[in-house]
Amino acid sequence: MAIERTLSIIKPDAVAKNVIGKIYQRFEDAGLKIIASKMVHLSEREAGQFYAVHKERPFFKDLVSFMISGPVMIQVLEGESAIATNRDLMGATDPKKADAGTIRADFAESIDANAVHGSDAPETAAVEIAFFFPGMNVYTR
């Protein structure tokens, strides 16, 4: 197994519910280290650029609107198979289909307000980390 890095975003719905600490605890309990983090309120331009891969999808406009509706917590996670571990912790995109005990099952409201984002592959993780943490001001600990 390899040490990986992945980007995680705690979305506006979960930030508003004040569950950042509970989600961070799940990351750490699963062996992931939080090696960079910041809270930001994304602009429409930033959210549009970050989710540009979905630009032609029917949900793009709603996704951008949701992501700018309040602050988000952005973090880089590091650990053994960090991408798969984080995706397992998050659960299915639709919280109604997410396994009990996953972040989305416990904290998400809907398929749109689904609490968290996580990179889906090493290549996207690298791009997403560089988007929010340019210059790789991210440190192993």
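Cβ coordinates come from backbone N, Cα and C, glycine included.
Feature list (source: Swiss-Prot):
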BINDING   K11, F59, R87, T93, R104, N114  ATP binding site
ACT_SITE  H117  active site, pros-phosphohistidine intermediate
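Positions of Swiss-Prot features highlighted on the structure.
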residue	record	contacts (Cβ under 8 Å, 6+ apart)
K11	ATP binding site	F66, M67, V72, A113, N114, A115, V116, H117
F59	ATP binding site	D112
R87	ATP binding site	G118, D120
T93	ATP binding site	R104, I111, N114
Site diameter for ATP, Å, by largest Cα distance between K11, F59, R87, T93, R104, N114: 21
Local Cβ density at N114 (ATP binding site) - other Cβ atoms counted within 10 Å: 23
Among R104, H117, which are recorded positions, the residue with the most C-beta atoms within 10 angstroms of its C-beta: R104
